[in-house]
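Peer 1: One structure is given below, represented as structure tokens, and several questions about it will come after.
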Amino acid sequence: MTDSPRLYSGMQPSADSLHLGNYVGALLQWKELQAAHDAFFSVVDLHAITVAQDPHDLREKTRRTAAQYIAAGIDPSVSTLYVQSHVPAHAQLAWVLSTITGYGEAARMTQFKDKSAKQGAEATSVGLFTYPVLMAADILLFDADVVPVGDDQRQHVELTRDLAERFNSRFGETFVVPQAMILKDGARIYDLQSPESKMSKSADSGAGIVWLLDEPDIARKKIMRAVTDTDGVVSYDRAGKPGVSNLLSIYSALSGRAIQQIELDYEGKGYGDFKKGLVEVVVDALGPIRERTLELLADPAELDRILAGNAARAGEAAEITLAKAYEAIGFLQPTRR
């Protein structure tokens with residue numbers, strides 16, 4: 001426990017590797033935020049099973065995601081980095097919160113409406129419907145003051161705030177009412193082949209996705225083949241030049257240099273030179289992450305030790321909040337012997 005503001009965030013273990021969009025859009029910013037926050041970062045495997053998962057693959061993806069968190073700079077001795085299912089209080093609090101969530105309230109969640117419309121009623125699980133309630137439990141368990149999320153998750157944080165205020169009003173002050181911390185606008189990375197679409201593991205083609213664990217030569221080929229346009233001018237114009245603008249955003253995020261500076265560097269030069277420069281930046285940034293991830297995966301006992309220690313720390317914090325909620329709602333608590 002520190003005097004720093006409490007922060008909670010997480011990502012699903014939904015692929016063998018996280019991608020560049022995950023890194024720039026979340027991990028890179030988490031790394032910066034952990035220095036000034038009492039941070040809890042979770043691999044949210046309970047959320048992952050709202051769609052069908054192969055059990056062996058889920059375990060492997062969970063381990064690989066945790067390793068990439070660490071390799072990308074999340075320090076498990078500074079932040080609490082754990083696997084969601086290792087802390088049973090997540091599911092316990094989610095049930096309590098579901099009893100004060102209105103059906104219409106849950107049905108209005110945009111992500112549920114979009115995904116259920118694509119999948120159809122028969123293929124849509126109750127778990128997907130109640131996903132935002134579990135997310136609320138994730139946040140409220142740790143008395144999070146701030147929740148760094150993309151703009152597409154803002155609605156879920158608003159629901160979390162509503163549930164916290166509703167519970168507090170009915171049962172007495174129990175939960176901290178969190179604030180959404182919307183991540184930087186420039187942090188959204190788009191598909192290299194379809195730069196109008198966000199980089200996503202569910203893309204039709206893997207050619208537009210740079211994975212953190214891609215070998216350098218694979219990453220180079222993807223960048224050199226990235227969609228641009230025909231005018232040959234390296235300049236940022238999200239509406240008119242989405243492909244080049246996306247590459248400039250990547251260059252800026254990974255190099256720490258302003259887009260305007262990069263534009264000046266490549267003034268009068270073609271896209272070939274620009275892409276070659278970007279390849280160097282990407283390989284320099286992602287190479288150490290790939291190497292460290294592979295080291296961690298080669299020593300599963302050490303990775304398990306880290307995760308177990310952090311889960312114990314997370315569990316202690318979560319149990320305090322859960323006990324307060326149980327007491328407030330009127331559950332008969334077991335007698336300690």
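Including glycine, each Cβ sits where the backbone N, Cα and C put it.
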Peer 1: Among 3-12, 13-22, 113-122, 263-272, find the range that Swiss-Prot records as motif ''HIGH' region'.
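Peer 2: The listed stretch tagged motif ''HIGH' region' in Swiss-Prot is 13-22.
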Peer 1: Swiss-Prot tags one of 58-62, 153-157, 198-202 as motif ''KMSKS' region' - which one?
Peer 2: 198-202
Peer 1: Please give the sequence-distant neighbours of the motif ''KMSKS' region' (198-202): residues at least 6 beyond its ends with Cβ less than 8 Å from one of its Cβ atoms.
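Peer 2: Long-range Cβ neighbours of the motif ''KMSKS' region' (198-202): 14-15, 19-21, 188-192, 208-210.
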Peer 1: Calculate the distance in Å between the alpha carbons (Cα) of Asn22 (ATP binding site) and Asp138 (L-tryptophan binding site), and round it to a whole number.
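Peer 2: So the Cα of Asp138 (L-tryptophan binding site) lies 20 Å away from that of Asn22 (ATP binding site).
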Peer 1: C-alpha of Ser14 (ATP binding site) to C-alpha of Asp138 (L-tryptophan binding site): distance in Å?
Peer 2: 18
Peer 1: Here the binding-site residues are Asp138, Asp151; which one has the lowest number of other Cβ atoms no more than 10 Å from its Cβ?
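Peer 2: Selected from the binding-site residues Asp138, Asp151 on minimum Cβ neighbours within 10 Å: Asp151.
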Peer 1: In this predicted model, what is the average pLDDT of the motif ''HIGH' region' (13-22)?
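Peer 2: On average, pLDDT over the motif ''HIGH' region' (13-22) sits at 94.
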